[in-house]
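Down below is the structure, laid out as C-alpha coordinates.
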Amino acid sequence: MKWLTPLGKTIVNILLLMFSLSAVFPIIWMLYSSFKTQKEFTLNTISLPETWQFSNYIEAIQVGKLHEYFFNSVYISLSSVFLIIFLGFIIAYMIARFSFPGRKVIYILFMFGMLIPIHGLLVPIFIEFKNVGLLNKPYTLILPYVAFGLPIVIFLFESFIKQIPKEIDEAAIMDGCTTFQVIFKIIFPVASPVIATAVILSFLTAWNEFPFALVLIQDEALRTLPVGLTNFNGQYTVNYPQMMAAMSITVLPVLLIYLAFYKKIIQGMTAGSVKG
Amino acid sequence: MKTKSAIKPRNSKIYLYLLPGLAIYAFVVLVPLVMALRYSFFDWSGGPNMDFIGLDNFVALIQDDVFWQSFRNNLFIIIMSIIGQVGIAFLIAVLLTRSWVKWKQFHRTVIFIPNVLAAVIIGFLWSMIYNHDYGLLNYSLNAAGLESWISPWLDDPSIVMTSVTIPIVWQFVGFYLIIFMSAMQNIPDELYEAAKIDGATSWKQTWHITMPMLKSTFRVAIMLCIAGNMKVFDHIFVMTGGGPGSSSTVMAQYAYDVSFNRFELGYGSAVSIGMLALSLGLILISQIIGRGEKE
(Lines of atoms letter the chains of each structure in order from A and count residues from 1; the text may use other names and numbers.)
(Lines give C-alpha, C1' and ligand atoms only; values in the text may rest on other atoms or scores of the structure.)
Protein backbone atom coordinates (compact mmCIF):
# COMPACT_ATOMS: atom_id res chain seq x y z
CA MET A 1 0.00 0.00 0.00
CA LYS A 2 1.30 3.40 -0.92
CA TRP A 3 0.53 6.30 1.37
CA LEU A 4 1.73 8.99 -0.93
CA THR A 5 1.22 9.33 -4.62
CA PRO A 6 4.10 10.77 -6.70
CA LEU A 7 2.20 14.06 -6.73
CA GLY A 8 1.91 13.95 -2.95
CA LYS A 9 5.65 13.37 -2.65
CA THR A 10 6.36 16.34 -4.87
CA ILE A 11 4.12 18.51 -2.72
CA VAL A 12 5.85 17.36 0.48
CA ASN A 13 9.23 18.09 -1.11
CA ILE A 14 8.10 21.58 -2.06
CA LEU A 15 6.70 22.25 1.42
CA LEU A 16 9.95 21.09 3.00
CA LEU A 17 11.95 23.29 0.67
CA MET A 18 9.75 26.26 1.56
CA PHE A 19 10.31 25.58 5.23
CA SER A 20 14.08 25.42 4.78
CA LEU A 21 14.08 28.60 2.75
CA SER A 22 12.03 30.36 5.41
CA ALA A 23 14.83 29.54 7.85
CA VAL A 24 17.41 31.42 5.80
CA PHE A 25 15.50 33.93 3.76
CA PRO A 26 15.14 36.51 6.55
CA ILE A 27 18.90 36.37 7.06
CA ILE A 28 19.60 36.74 3.35
CA TRP A 29 17.09 39.59 3.20
CA MET A 30 18.96 41.31 6.03
CA LEU A 31 22.33 40.84 4.32
CA TYR A 32 21.38 42.30 0.95
CA SER A 33 19.09 44.99 2.31
CA SER A 34 22.02 46.37 4.30
CA PHE A 35 23.43 47.59 0.99
CA LYS A 36 20.31 49.58 0.12
CA THR A 37 19.54 53.19 0.89
CA GLN A 38 16.76 54.02 3.28
CA LYS A 39 14.73 55.40 0.37
CA GLU A 40 15.15 52.30 -1.74
CA PHE A 41 14.08 50.18 1.21
CA THR A 42 10.90 52.10 1.87
CA LEU A 43 9.95 52.04 -1.81
CA ASN A 44 10.37 48.31 -2.10
CA THR A 45 11.05 46.12 0.92
CA ILE A 46 12.12 43.04 -0.92
CA SER A 47 14.00 44.20 -4.03
CA LEU A 48 17.75 43.78 -4.42
CA PRO A 49 19.83 46.96 -4.06
CA GLU A 50 20.13 48.94 -7.28
CA THR A 51 23.73 49.78 -6.52
CA TRP A 52 25.57 47.88 -3.81
CA GLN A 53 26.82 50.65 -1.60
CA PHE A 54 28.70 50.47 1.68
CA SER A 55 27.54 53.76 3.18
CA ASN A 56 25.42 51.99 5.81
CA TYR A 57 28.46 50.11 7.02
CA ILE A 58 30.65 53.19 7.05
CA GLU A 59 28.04 55.10 9.02
CA ALA A 60 27.47 52.20 11.41
CA ILE A 61 31.14 52.42 12.30
CA GLN A 62 31.61 56.19 12.20
CA VAL A 63 28.38 57.21 13.90
CA GLY A 64 27.33 54.03 15.67
CA LYS A 65 30.87 53.15 16.88
CA LEU A 66 30.18 49.57 15.99
CA HIS A 67 33.86 48.72 15.76
CA GLU A 68 34.23 49.44 19.49
CA TYR A 69 31.44 47.04 20.36
CA PHE A 70 32.96 44.56 17.95
CA PHE A 71 36.34 44.79 19.63
CA ASN A 72 34.77 44.41 23.09
CA SER A 73 32.86 41.33 21.95
CA VAL A 74 35.99 39.76 20.52
CA TYR A 75 37.99 40.46 23.67
CA ILE A 76 35.31 39.23 26.09
CA SER A 77 34.47 36.14 24.06
CA LEU A 78 38.07 35.05 23.52
CA SER A 79 39.08 35.62 27.16
CA SER A 80 36.05 33.69 28.36
CA VAL A 81 36.72 30.82 25.97
CA PHE A 82 40.34 30.61 27.06
CA LEU A 83 39.41 30.43 30.75
CA ILE A 84 36.49 28.06 30.20
CA ILE A 85 38.69 25.59 28.34
CA PHE A 86 41.66 25.94 30.69
CA LEU A 87 39.75 25.67 33.97
CA GLY A 88 37.15 23.26 32.61
CA PHE A 89 39.80 20.87 31.36
CA ILE A 90 41.58 20.75 34.71
CA ILE A 91 38.33 20.11 36.59
CA ALA A 92 37.16 17.49 34.09
CA TYR A 93 40.53 15.74 34.28
CA MET A 94 40.45 15.56 38.07
CA ILE A 95 36.87 14.30 38.13
CA ALA A 96 37.48 11.76 35.37
CA ARG A 97 40.75 10.37 36.71
CA PHE A 98 40.75 10.42 40.49
CA SER A 99 38.43 9.70 43.36
CA PHE A 100 38.59 12.13 46.25
CA PRO A 101 36.17 13.32 48.91
CA GLY A 102 33.59 15.66 47.39
CA ARG A 103 34.14 14.49 43.82
CA LYS A 104 30.48 13.55 43.30
CA VAL A 105 29.20 16.74 44.92
CA ILE A 106 31.39 18.92 42.73
CA TYR A 107 30.25 17.13 39.59
CA ILE A 108 26.58 17.43 40.56
CA LEU A 109 27.01 21.13 41.39
CA PHE A 110 28.29 21.79 37.90
CA MET A 111 25.62 19.68 36.23
CA PHE A 112 23.02 21.60 38.25
CA GLY A 113 24.28 24.66 36.41
CA MET A 114 23.08 23.19 33.11
CA LEU A 115 19.58 22.81 34.52
CA ILE A 116 18.75 26.08 36.28
CA PRO A 117 17.50 28.95 34.15
CA ILE A 118 20.45 31.31 34.61
CA HIS A 119 18.24 34.31 33.83
CA GLY A 120 16.77 33.84 37.29
CA LEU A 121 20.21 34.85 38.57
CA LEU A 122 20.24 38.12 36.65
CA VAL A 123 19.06 40.27 39.54
CA PRO A 124 21.02 38.49 42.33
CA ILE A 125 24.25 38.60 40.32
CA PHE A 126 23.73 42.29 39.61
CA ILE A 127 23.30 42.96 43.35
CA GLU A 128 26.37 40.92 44.25
CA PHE A 129 28.56 42.53 41.62
CA LYS A 130 27.33 45.96 42.71
CA ASN A 131 28.15 45.24 46.35
CA VAL A 132 31.70 44.17 45.66
CA GLY A 133 32.31 46.84 43.02
CA LEU A 134 32.57 44.53 40.02
CA LEU A 135 30.18 46.38 37.70
CA ASN A 136 31.52 48.18 34.63
CA LYS A 137 34.98 46.68 34.58
CA PRO A 138 36.67 45.44 31.43
CA TYR A 139 36.63 41.93 32.94
CA THR A 140 33.13 42.06 34.47
CA LEU A 141 31.42 39.89 31.87
CA ILE A 142 34.16 37.30 31.77
CA LEU A 143 33.19 36.02 35.23
CA PRO A 144 29.58 35.04 34.46
CA TYR A 145 30.48 33.79 30.99
CA VAL A 146 33.12 31.48 32.46
CA ALA A 147 30.77 30.26 35.19
CA PHE A 148 27.92 29.57 32.74
CA GLY A 149 30.29 27.99 30.22
CA LEU A 150 31.97 25.57 32.60
CA PRO A 151 29.17 22.97 33.11
CA ILE A 152 28.69 21.91 29.50
CA VAL A 153 32.43 21.93 28.83
CA ILE A 154 33.20 19.86 31.95
CA PHE A 155 30.53 17.42 30.87
CA LEU A 156 32.01 17.11 27.36
CA PHE A 157 35.61 16.82 28.59
CA GLU A 158 34.88 14.45 31.44
CA SER A 159 33.15 11.88 29.25
CA PHE A 160 35.97 12.12 26.70
CA ILE A 161 38.88 11.85 29.16
CA LYS A 162 37.30 8.77 30.77
CA GLN A 163 37.80 6.96 27.47
CA ILE A 164 41.50 7.76 27.22
CA PRO A 165 43.56 4.85 28.64
CA LYS A 166 45.13 5.67 31.98
CA GLU A 167 48.39 4.00 30.95
CA ILE A 168 49.22 7.14 28.98
CA ASP A 169 49.17 9.21 32.18
CA GLU A 170 51.16 6.62 34.08
CA ALA A 171 53.85 6.42 31.44
CA ALA A 172 54.15 10.21 31.45
CA ILE A 173 54.48 10.29 35.25
CA MET A 174 57.22 7.65 35.04
CA ASP A 175 59.02 9.87 32.58
CA GLY A 176 58.96 12.61 35.20
CA CYS A 177 56.02 14.74 34.07
CA THR A 178 54.19 16.79 36.72
CA THR A 179 50.41 16.51 36.96
CA PHE A 180 50.06 19.84 35.18
CA GLN A 181 52.26 18.61 32.35
CA VAL A 182 50.30 15.38 32.07
CA ILE A 183 47.09 17.37 31.74
CA PHE A 184 48.24 19.87 29.15
CA LYS A 185 51.12 18.17 27.35
CA ILE A 186 49.77 14.63 27.17
CA ILE A 187 45.97 14.51 27.54
CA PHE A 188 45.03 17.90 26.08
CA PRO A 189 46.36 17.08 22.58
CA VAL A 190 44.61 13.69 22.62
CA ALA A 191 41.33 15.43 23.42
CA SER A 192 41.65 17.97 20.61
CA PRO A 193 38.46 16.90 18.75
CA VAL A 194 36.24 17.55 21.74
CA ILE A 195 38.21 20.68 22.63
CA ALA A 196 37.48 22.12 19.20
CA THR A 197 33.78 21.52 19.77
CA ALA A 198 33.96 23.11 23.21
CA VAL A 199 35.83 26.16 21.91
CA ILE A 200 33.30 26.83 19.18
CA LEU A 201 30.29 26.32 21.43
CA SER A 202 31.66 28.52 24.21
CA PHE A 203 32.58 31.21 21.71
CA LEU A 204 29.11 31.29 20.17
CA THR A 205 27.45 31.45 23.58
CA ALA A 206 29.65 34.31 24.77
CA TRP A 207 29.38 36.20 21.49
CA ASN A 208 25.58 36.02 21.50
CA GLU A 209 24.95 36.62 25.21
CA PHE A 210 22.63 39.52 25.94
CA PRO A 211 20.93 39.91 29.37
CA PHE A 212 24.04 39.89 31.54
CA ALA A 213 25.85 42.22 29.17
CA LEU A 214 22.83 44.52 29.37
CA VAL A 215 22.63 44.58 33.16
CA LEU A 216 26.24 44.39 34.35
CA ILE A 217 27.70 46.98 31.96
CA GLN A 218 26.40 50.54 31.82
CA ASP A 219 29.60 52.11 30.55
CA GLU A 220 29.14 52.82 26.85
CA ALA A 221 32.81 52.08 26.09
CA LEU A 222 32.60 48.54 27.49
CA ARG A 223 29.44 47.36 25.73
CA THR A 224 29.38 44.25 23.59
CA LEU A 225 27.70 43.91 20.18
CA PRO A 226 24.26 42.57 21.19
CA VAL A 227 23.71 45.43 23.66
CA GLY A 228 25.34 47.91 21.28
CA LEU A 229 22.73 46.96 18.71
CA THR A 230 19.88 47.93 21.03
CA ASN A 231 21.42 51.40 21.44
CA PHE A 232 21.82 51.59 17.74
CA ASN A 233 18.19 50.74 17.28
CA GLY A 234 17.24 53.60 19.58
CA GLN A 235 19.25 56.13 17.63
CA TYR A 236 18.07 55.14 14.19
CA THR A 237 14.65 53.71 14.76
CA VAL A 238 13.48 54.17 11.22
CA ASN A 239 16.69 53.56 9.30
CA TYR A 240 16.31 49.83 8.72
CA PRO A 241 19.09 49.32 6.16
CA GLN A 242 21.57 50.90 8.52
CA MET A 243 20.37 48.74 11.38
CA MET A 244 20.69 45.74 9.10
CA ALA A 245 24.28 46.68 8.32
CA ALA A 246 25.02 46.70 12.05
CA MET A 247 23.29 43.35 12.48
CA SER A 248 25.19 41.88 9.54
CA ILE A 249 28.49 42.85 11.14
CA THR A 250 27.38 41.03 14.29
CA VAL A 251 26.19 37.96 12.42
CA LEU A 252 28.98 37.48 9.89
CA PRO A 253 31.62 35.98 12.22
CA VAL A 254 29.03 33.54 13.53
CA LEU A 255 27.87 32.53 10.05
CA LEU A 256 31.46 31.96 8.92
CA ILE A 257 32.23 29.85 11.99
CA TYR A 258 29.06 27.88 11.41
CA LEU A 259 29.82 27.13 7.77
CA ALA A 260 33.41 26.20 8.60
CA PHE A 261 32.68 24.01 11.62
CA TYR A 262 29.15 22.82 10.90
CA LYS A 263 29.81 19.24 12.06
CA LYS A 264 31.58 20.17 15.29
CA ILE A 265 28.84 22.58 16.33
CA ILE A 266 26.11 20.04 15.81
CA GLN A 267 28.07 17.34 17.66
CA GLY A 268 28.59 19.58 20.64
CA MET A 269 25.06 20.87 20.85
CA THR A 270 23.53 17.42 20.75
CA ALA A 271 26.09 15.89 23.12
CA GLY A 272 25.05 18.35 25.79
CA SER A 273 21.39 17.56 25.33
CA VAL A 274 21.57 13.79 25.28
CA LYS A 275 22.70 13.98 28.88
CA GLY A 276 19.13 14.81 29.86
CA MET B 1 36.49 3.22 40.51
CA LYS B 2 40.12 3.68 39.70
CA THR B 3 41.35 4.75 43.11
CA LYS B 4 44.87 4.59 44.50
CA SER B 5 47.43 4.46 41.78
CA ALA B 6 50.93 5.69 41.18
CA ILE B 7 49.73 8.75 39.30
CA LYS B 8 47.22 10.07 41.81
CA PRO B 9 48.30 13.37 43.38
CA ARG B 10 47.57 14.15 47.02
CA ASN B 11 43.99 15.27 47.73
CA SER B 12 45.17 18.71 48.78
CA LYS B 13 46.83 19.11 45.40
CA ILE B 14 43.65 18.05 43.62
CA TYR B 15 41.64 20.65 45.52
CA LEU B 16 44.19 23.28 44.61
CA TYR B 17 43.72 22.46 40.95
CA LEU B 18 39.92 22.59 41.28
CA LEU B 19 39.90 25.82 43.24
CA PRO B 20 40.01 28.54 40.53
CA GLY B 21 37.15 27.11 38.48
CA LEU B 22 35.09 26.22 41.51
CA ALA B 23 35.64 29.66 43.05
CA ILE B 24 34.37 31.48 39.95
CA TYR B 25 31.43 29.12 39.65
CA ALA B 26 30.52 29.49 43.32
CA PHE B 27 30.88 33.27 43.16
CA VAL B 28 28.66 33.65 40.11
CA VAL B 29 26.10 30.86 40.53
CA LEU B 30 25.92 29.57 44.10
CA VAL B 31 26.44 32.70 46.20
CA PRO B 32 23.89 34.82 44.28
CA LEU B 33 21.37 32.01 44.60
CA VAL B 34 21.67 32.09 48.39
CA MET B 35 21.82 35.89 48.49
CA ALA B 36 18.67 36.17 46.38
CA LEU B 37 16.84 34.15 48.99
CA ARG B 38 18.01 36.61 51.65
CA TYR B 39 17.17 39.76 49.69
CA SER B 40 13.71 38.45 48.95
CA PHE B 41 12.83 38.99 52.62
CA PHE B 42 13.65 42.71 52.45
CA ASP B 43 12.05 45.84 51.13
CA TRP B 44 15.04 47.27 49.32
CA SER B 45 15.63 49.66 46.44
CA GLY B 46 19.38 49.26 46.29
CA GLY B 47 20.25 51.99 48.80
CA PRO B 48 21.41 51.72 52.42
CA ASN B 49 17.84 51.24 53.68
CA MET B 50 16.91 47.60 53.89
CA ASP B 51 13.76 46.77 55.79
CA PHE B 52 13.19 43.20 56.81
CA ILE B 53 9.60 42.41 55.86
CA GLY B 54 9.52 38.66 56.27
CA LEU B 55 7.40 36.91 53.72
CA ASP B 56 5.64 40.07 52.53
CA ASN B 57 7.37 39.97 49.14
CA PHE B 58 6.19 36.44 48.55
CA VAL B 59 2.66 37.24 49.72
CA ALA B 60 2.68 40.13 47.25
CA LEU B 61 4.12 37.87 44.56
CA ILE B 62 1.32 35.34 44.93
CA GLN B 63 -1.22 38.14 44.50
CA ASP B 64 0.70 39.81 41.69
CA ASP B 65 -1.39 39.51 38.53
CA VAL B 66 1.44 40.60 36.25
CA PHE B 67 3.73 37.90 37.64
CA TRP B 68 1.16 35.20 36.96
CA GLN B 69 0.38 36.67 33.58
CA SER B 70 4.08 36.50 32.73
CA PHE B 71 4.18 32.91 33.98
CA ARG B 72 1.20 32.09 31.74
CA ASN B 73 3.02 33.69 28.84
CA ASN B 74 6.03 31.46 29.55
CA LEU B 75 3.68 28.48 29.61
CA PHE B 76 2.17 29.57 26.30
CA ILE B 77 5.61 29.72 24.71
CA ILE B 78 6.50 26.31 26.19
CA ILE B 79 3.36 24.67 24.84
CA MET B 80 3.78 26.26 21.42
CA SER B 81 7.40 25.13 21.41
CA ILE B 82 6.56 21.55 22.31
CA ILE B 83 4.03 21.47 19.46
CA GLY B 84 6.03 23.60 17.06
CA GLN B 85 9.65 22.71 17.72
CA VAL B 86 9.40 19.11 18.86
CA GLY B 87 6.51 18.34 16.50
CA ILE B 88 7.89 19.96 13.36
CA ALA B 89 11.40 18.74 14.08
CA PHE B 90 10.26 15.15 14.51
CA LEU B 91 8.20 15.31 11.32
CA ILE B 92 11.12 16.67 9.33
CA ALA B 93 13.51 14.15 10.89
CA VAL B 94 11.21 11.33 9.77
CA LEU B 95 10.90 12.84 6.29
CA LEU B 96 14.66 13.07 6.01
CA THR B 97 14.88 9.28 6.38
CA ARG B 98 12.65 8.77 3.34
CA SER B 99 14.39 7.97 0.09
CA TRP B 100 12.12 10.17 -2.04
CA VAL B 101 12.87 13.35 -0.09
CA LYS B 102 15.37 15.51 -1.94
CA TRP B 103 18.13 17.93 -0.89
CA LYS B 104 18.61 16.32 2.54
CA GLN B 105 22.01 17.84 3.27
CA PHE B 106 20.71 21.26 2.29
CA HIS B 107 17.74 20.99 4.66
CA ARG B 108 19.92 19.83 7.54
CA THR B 109 22.44 22.63 7.10
CA VAL B 110 19.98 25.40 6.51
CA ILE B 111 17.34 24.67 9.15
CA PHE B 112 20.03 24.78 11.84
CA ILE B 113 21.39 28.23 10.89
CA PRO B 114 19.02 30.40 12.99
CA ASN B 115 20.21 28.42 16.04
CA VAL B 116 23.69 29.88 16.03
CA LEU B 117 22.53 33.48 15.70
CA ALA B 118 22.09 35.70 18.74
CA ALA B 119 18.54 35.82 20.07
CA VAL B 120 18.88 39.61 19.87
CA ILE B 121 19.48 39.38 16.13
CA ILE B 122 16.45 37.12 15.70
CA GLY B 123 14.40 39.61 17.71
CA PHE B 124 15.44 42.59 15.60
CA LEU B 125 15.05 40.65 12.39
CA TRP B 126 11.49 39.69 13.24
CA SER B 127 10.59 43.19 14.41
CA MET B 128 11.52 44.17 10.89
CA ILE B 129 9.50 41.34 9.40
CA TYR B 130 6.51 42.42 11.50
CA ASN B 131 6.93 46.14 10.80
CA HIS B 132 3.65 47.66 9.75
CA ASP B 133 4.83 49.69 6.78
CA TYR B 134 7.99 48.02 5.49
CA GLY B 135 7.83 44.58 7.04
CA LEU B 136 8.31 41.44 5.02
CA LEU B 137 5.09 39.93 6.34
CA ASN B 138 2.72 42.74 5.43
CA TYR B 139 4.54 43.16 2.14
CA SER B 140 3.93 39.49 1.31
CA LEU B 141 0.30 39.66 2.39
CA ASN B 142 -0.15 42.68 0.20
CA ALA B 143 1.48 40.97 -2.74
CA ALA B 144 -0.72 37.92 -2.23
CA GLY B 145 -3.84 40.06 -2.23
CA LEU B 146 -4.57 39.43 1.44
CA GLU B 147 -4.68 43.07 2.52
CA SER B 148 -7.38 42.32 5.07
CA TRP B 149 -4.95 40.11 7.01
CA ILE B 150 -2.51 42.94 7.56
CA SER B 151 -2.24 43.59 11.31
CA PRO B 152 -0.17 45.55 13.79
CA TRP B 153 1.54 42.28 14.72
CA LEU B 154 3.46 43.52 17.74
CA ASP B 155 1.10 46.27 18.86
CA ASP B 156 -2.14 44.39 19.28
CA PRO B 157 -2.35 42.82 22.78
CA SER B 158 -4.63 40.05 21.54
CA ILE B 159 -2.14 38.66 19.01
CA VAL B 160 1.21 39.84 20.33
CA MET B 161 2.00 36.59 22.18
CA THR B 162 1.55 34.57 19.01
CA SER B 163 3.69 37.07 17.11
CA VAL B 164 6.60 36.89 19.57
CA THR B 165 6.35 33.10 19.94
CA ILE B 166 6.74 32.33 16.23
CA PRO B 167 10.36 33.60 15.99
CA ILE B 168 11.29 31.72 19.17
CA VAL B 169 9.86 28.48 17.80
CA TRP B 170 11.35 29.17 14.37
CA GLN B 171 14.84 29.75 15.73
CA PHE B 172 15.22 26.40 17.48
CA VAL B 173 13.49 23.87 15.21
CA GLY B 174 16.91 22.95 13.82
CA PHE B 175 18.24 22.09 17.25
CA TYR B 176 15.52 19.53 17.90
CA LEU B 177 15.81 18.26 14.35
CA ILE B 178 19.45 17.37 14.98
CA ILE B 179 18.60 15.70 18.29
CA PHE B 180 15.96 13.51 16.64
CA MET B 181 18.17 12.70 13.69
CA SER B 182 21.07 11.53 15.82
CA ALA B 183 18.72 9.53 18.03
CA MET B 184 17.18 7.84 14.99
CA GLN B 185 20.60 6.73 13.83
CA ASN B 186 20.89 4.70 17.01
CA ILE B 187 17.78 2.63 16.27
CA PRO B 188 19.00 -0.76 15.00
CA ASP B 189 18.27 -1.35 11.32
CA GLU B 190 17.15 -4.92 12.03
CA LEU B 191 13.94 -3.60 13.57
CA TYR B 192 12.97 -1.88 10.34
CA GLU B 193 14.07 -4.82 8.23
CA ALA B 194 11.95 -7.21 10.25
CA ALA B 195 8.99 -4.85 9.92
CA LYS B 196 9.53 -4.60 6.18
CA ILE B 197 9.45 -8.38 5.87
CA ASP B 198 6.18 -8.33 7.78
CA GLY B 199 4.90 -5.88 5.19
CA ALA B 200 4.63 -2.78 7.38
CA THR B 201 4.50 0.48 5.43
CA SER B 202 7.04 3.14 6.21
CA TRP B 203 4.49 5.22 8.11
CA LYS B 204 3.54 2.20 10.18
CA GLN B 205 7.21 1.67 10.93
CA THR B 206 7.46 5.27 12.08
CA TRP B 207 4.46 4.85 14.34
CA HIS B 208 5.34 1.44 15.80
CA ILE B 209 9.16 1.51 15.82
CA THR B 210 10.58 5.02 15.58
CA MET B 211 8.20 6.72 18.01
CA PRO B 212 8.44 4.14 20.82
CA MET B 213 12.21 3.87 20.40
CA LEU B 214 12.53 7.64 20.71
CA LYS B 215 10.56 7.93 23.93
CA SER B 216 13.52 9.03 26.00
CA THR B 217 14.54 11.49 23.29
CA PHE B 218 11.07 13.01 23.38
CA ARG B 219 11.38 13.29 27.13
CA VAL B 220 14.72 15.08 26.87
CA ALA B 221 13.40 17.34 24.11
CA ILE B 222 10.36 18.35 26.13
CA MET B 223 12.51 19.02 29.18
CA LEU B 224 14.81 21.20 27.10
CA CYS B 225 11.77 23.06 25.76
CA ILE B 226 10.66 23.80 29.30
CA ALA B 227 14.10 24.76 30.61
CA GLY B 228 14.88 26.87 27.55
CA ASN B 229 11.60 28.73 27.45
CA MET B 230 11.35 29.51 31.15
CA LYS B 231 14.36 31.77 30.67
CA VAL B 232 13.29 33.36 27.39
CA PHE B 233 14.11 37.07 27.52
CA ASP B 234 16.22 38.45 24.67
CA HIS B 235 13.66 38.03 21.88
CA ILE B 236 10.89 39.66 23.84
CA PHE B 237 13.03 42.43 25.29
CA VAL B 238 14.00 43.42 21.76
CA MET B 239 10.66 42.95 20.01
CA THR B 240 8.17 44.38 22.51
CA GLY B 241 9.87 44.97 25.86
CA GLY B 242 6.94 43.01 27.29
CA GLY B 243 4.30 45.32 25.86
CA PRO B 244 1.86 46.60 24.85
CA GLY B 245 1.13 47.07 28.55
CA SER B 246 2.25 43.80 30.05
CA SER B 247 0.62 41.61 27.42
CA SER B 248 3.84 39.93 26.25
CA THR B 249 5.81 40.05 29.51
CA VAL B 250 7.62 36.87 30.49
CA MET B 251 9.08 36.14 33.92
CA ALA B 252 12.66 37.14 33.13
CA GLN B 253 11.40 40.38 31.57
CA TYR B 254 9.27 41.03 34.63
CA ALA B 255 12.17 40.43 37.02
CA TYR B 256 14.17 42.87 34.90
CA ASP B 257 11.43 45.51 34.91
CA VAL B 258 10.84 45.28 38.66
CA SER B 259 14.55 45.47 39.46
CA PHE B 260 15.92 47.91 36.91
CA ASN B 261 12.99 50.13 35.95
CA ARG B 262 11.20 50.25 39.30
CA PHE B 263 14.38 49.68 41.35
CA GLU B 264 12.64 47.30 43.74
CA LEU B 265 15.58 44.98 44.19
CA GLY B 266 14.05 43.11 47.14
CA TYR B 267 10.88 42.35 45.21
CA GLY B 268 12.93 41.66 42.08
CA SER B 269 14.83 39.00 44.04
CA ALA B 270 11.53 37.47 45.11
CA VAL B 271 10.40 37.39 41.47
CA SER B 272 13.70 35.69 40.56
CA ILE B 273 13.26 33.10 43.29
CA GLY B 274 9.70 32.52 42.11
CA MET B 275 10.97 32.07 38.58
CA LEU B 276 13.66 29.58 39.62
CA ALA B 277 11.21 27.63 41.79
CA LEU B 278 8.57 27.43 39.06
CA SER B 279 11.17 26.38 36.46
CA LEU B 280 12.65 23.62 38.57
CA GLY B 281 9.15 22.53 39.58
CA LEU B 282 8.02 22.25 35.95
CA ILE B 283 11.14 20.35 34.94
CA LEU B 284 10.64 17.98 37.87
CA ILE B 285 6.97 17.41 36.99
CA SER B 286 7.82 16.71 33.36
CA GLN B 287 10.46 14.21 34.47
CA ILE B 288 8.09 12.45 36.84
CA ILE B 289 5.37 12.21 34.18
CA GLY B 290 7.98 10.96 31.72
CA ARG B 291 9.23 8.32 34.17
CA GLY B 292 5.72 7.15 34.98
CA GLU B 293 5.02 6.63 31.31
CA LYS B 294 8.06 4.43 30.98
CA GLU B 295 6.81 1.79 33.40
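Every residue, even glycine, has its Cβ placed from backbone N, Cα and C.
The feature domain 'ABC transmembrane type-1' is assigned by TrEMBL to B:71-286.
Annotated transmembrane segment per TrEMBL: B:14-41 (among others), in sequence order. Sequence-remote contacts of a segment are chain residues at least 6 beyond its ends whose Cβ falls under 8 Å from one of its Cβ atoms, and for the transmembrane segment (B:14-41) they are 52-55, 57-58, 265-267, 269-270, 272-273, 276.
Here TrEMBL flags B:75-97 (among others) as transmembrane segment.
Annotation source TrEMBL lists transmembrane segment at B:109-129 (among others).
Among the features that TrEMBL reports, transmembrane segment is placed at B:159-179 (among others). Here the transmembrane segment (B:159-179) has long-range neighbours at 73, 76-77, 80-81, 84-86, 88-90, 92-93, 108, 111-115, 117, 119, 122-123, 125-126, 130, 151, 153, 217, 220-221, 224, 228-229, 232, 235-236, 239-240, 243-244, 247-248, meaning same-chain residues at least 6 beyond its ends whose C-beta is under 8 angstroms from one of its own.
Residues or ranges marked as transmembrane segment by TrEMBL: B:220-245 (among others).
The transmembrane segment annotation in TrEMBL covers B:265-285 (among others).
Under 8 Å from some Cβ of the transmembrane segment (B:220-245) lie the Cβ atoms of residues 70, 74, 77-78, 81-82, 85-86, 89, 118-120, 122-124, 126-127, 130, 154-157, 160, 163-164, 167-168, 171-172, 176, 179-180, 251-254, 256-257, 275, 278-279, 282-283, 286-287, 290, all in the same chain and six or more residues away from its ends.
Sequence-remote contacts of a segment are chain residues at least 6 beyond its ends whose Cβ falls under 8 Å from one of its Cβ atoms, and for the transmembrane segment (B:75-97) they are 104, 107-108, 111, 161, 165, 168-169, 172-177, 179-181, 184, 206, 210, 214, 218, 221-222, 225-226, 228-230, 232, 250, 282.
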